[in-house]
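Visitor: For reference, the structure I am asking about is given below.
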C-alpha cells in the first residue's frame, strides 16, 4: 500500500501537455519566476507561430511605387527554323548579357513564398494581366485597388534586325499597352516624367527615352502639392512635389510597373539574312521575368506573396510589405510562454513513466538498510539547487556580455551621429537635412547592471543554502560512499550476535527432544517395559 501511494505521488500528471518545441523557453520562464527576477516586469515582443496565418501584408504607398527598384531576368529560346545565322545570333546574345547590368544573373525562384496572407488597407495601384496559357500568380479583388492598370492581353512584341545590326542592344519598340479607368489620368506637362535616372537607366533601359510632353497625372493618387505621373513611353511612374526643387529623387534602373508589364510580353528577335535575300529569319525569343530588387518588398497577388513574377504571368498584383503577426505580451509575464495554451496544442497520449517508480523503489530499498536512500534524495535536491545557481551565473554573464556589446554599439552610433551632424552643420544637422524626426537612444544600462547584480546575489544565496545543513550533505555523501558497501555485512553480523544464542538454544532443545522420541520408539518396538525416566535406577 505504501509503495502504491509513493508511485501515485511521484508519477507526473497526464492531463496537461506542453508542446515539445518550447522546452528551452519554459525552463527560462521557470527559472526567472523561481528566482523572482525583475525581468518579469518587462514587455516582450512576440510573433505568432501559426502556419495558417503567418503574417499581414501592407500595400506600398504611391511614392514607393516610384522608388522601389525591380530587376529583370532573361531566358531565351532558339527558333527551331534558325538557318545560317548561329554565329551572329550568338554575338548578339553575348552583347545583351554583357551590357545589361540591370539583368539578374542568377535565375530567380518562382512560386509563392507566403500563403494565406491578408492585405490590410487599400492598394493605391494594382496591375492586371490576362494571358492565355499564362502562369496564374493570384488575383486581388477589385475592391482593394484604388487604380488598376490592365496590360493588353493581345499584344506581342517583335524586333527585326539586319545582319549588320547585331552589335546594337535590342529594345522594345514600344512598351506593352496598358489601359486604365476613364478619368483616372490627366494630361500634364512635367519635366519629372524624364526622371533623374541613375547611370544604368539611360544606357540600358529597354524603352525609348521619355518625352516630358507626354506625361499623365494619376488624379486619384495626386494632390495639389504632390503629383504621381505616368510616362506611357516607358511604363514608368514618377513622383513630384511641387513645393520642392528638381533634385528630389532618382529613378531606379527598372521601375516596378515597367518590370511587371515587360514580364507579360516577350521580345522576338529576327534578322534579314544576307544569304537568303530579304526574307526574315527568326533567331530567338527573349522571355523576361521580373523580381523586386529592393529588400523587404514583395508582389502581393491575392493571398499569395511572390518575390518574382514569371514571364507570361496572369493575375492581379500590387506591391507591398509583409510583417509577421506581432503583439506585445502582458507585462506581468516573464516570457510569453502561456500564449501557447494547451487548448491550441495537440494532446498526446503517453504511457506511465517508470522513472518515478524506480526512484520510489530505490528510496524504499534504502530505508530497508539504513538512510542511504533519503541521503541520496537530499543530495539530489542540493545538487539541483546548485545547478540552478550556476545557471543563473551563466545567464548573468551572458546578459553582461550583451549589455557591453550594446554599450559599445551605442558609442559607435553616437560617434557617427556627431560626425554626420558636423558634416551637415550648414543644413542644421542630419535630422533637418533628412527632414525626419530625430531619434535618440536612452541609456538604461545602469538598470540592467543592477538587475544582473541582484541575480548574482540570488545565485550566491541559493549556493550557500545548498552547501549548508546537517553534516554538509556533499561531504557526508563522500563518507557514506565508503560505508555503504559494508552496511550489509555489518547488519548481518549484528543480527547474528543478537539472535545467535537464542537460535542455538532453540536448535539444541529441538535436537534433544527428537533423540528422546526416537529412543522411546525403539524400546517399544523391542517389547521391553519402558523405564520411567523420572525414577532413580537404585
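Heads up, the Cβ atoms here are built off N, Cα and C, so glycines get one too.
From Swiss-Prot, for reference:
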| type | residues | note |
| --- | --- | --- |
| SIGNAL | 1-15 | signal peptide |
| TOPO_DOM | 16-478 | topological domain 'Extracellular' |
| MOTIF | 43-46 | motif 'CXXC' |
| DISULFID | 43-46 | disulfide bond |
| CARBOHYD | 133 | N-linked glycosylation site |
| CARBOHYD | 146 | N-linked glycosylation site |
| CARBOHYD | 177 | N-linked glycosylation site |
| CARBOHYD | 220 | N-linked glycosylation site |
| CARBOHYD | 241 | N-linked glycosylation site |
| CARBOHYD | 247 | N-linked glycosylation site |
| CARBOHYD | 312 | N-linked glycosylation site |
| CARBOHYD | 332 | N-linked glycosylation site |
| REGION | 354-374 | region 'Fusion peptide' |
| MOTIF | 414-430 | motif 'CKS-17' |
| MOTIF | 431-439 | motif 'CX6CC' |
| DISULFID | 431-438 | disulfide bond |
| CARBOHYD | 443 | N-linked glycosylation site |
| TRANSMEM | 479-499 | transmembrane segment |
| TOPO_DOM | 500-538 | topological domain 'Cytoplasmic' |
Visitor: Checking the recorded positions 133, 177, 312, 431, which are within 10 Å of residue 146 (N-linked glycosylation site) at the Cα level?
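Guide: Near residue 146 (N-linked glycosylation site), where near means Cα within 10 Å, there are no recorded positions at all.
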Visitor: Pull the DSSP breakdown for the motif 'CKS-17' (414-430) and write it out as helix, strand, coil residue counts.
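Guide: DSSP classes over the motif 'CKS-17' (414-430) add up to 14 helix, 0 strand, 3 coil.
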Visitor: Could you find out if DSSP has residue 133 (N-linked glycosylation site) as helix, strand or coil?
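Guide: Going by the DSSP assignment, residue 133 (N-linked glycosylation site) belongs to neither helix nor strand, so it counts as coil.
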Visitor: Provide, as an integer number of angstrom, the distance between the C-alpha atoms of residue 312 (N-linked glycosylation site) and residue 133 (N-linked glycosylation site).
Guide: 8
Visitor: Can you tell which of 133, 177, 241, 312 has the most other C-beta atoms within 10 Å, given these are the glycosylation sites?
Guide: 312
Visitor: Under DSSP, is residue 220 (N-linked glycosylation site) part of a helix or a strand, or is it coil?
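Guide: The residue in question, residue 220 (N-linked glycosylation site), is helix (DSSP, three-state).
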Visitor: Note the mean pLDDT of the motif 'CKS-17' (414-430), expressed as a whole number.
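Guide: Averaged over the motif 'CKS-17' (414-430), per-residue pLDDT gives 78.
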Visitor: Please report the distance from the Cα of residue 241 (N-linked glycosylation site) to the Cα of residue 220 (N-linked glycosylation site), rounded to the nearest angstrom.
Guide: 16
Visitor: According to DSSP, does residue 146 (N-linked glycosylation site) sit in a helix, a strand, or coil?
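Guide: In three-state terms, residue 146 (N-linked glycosylation site) counts as strand.
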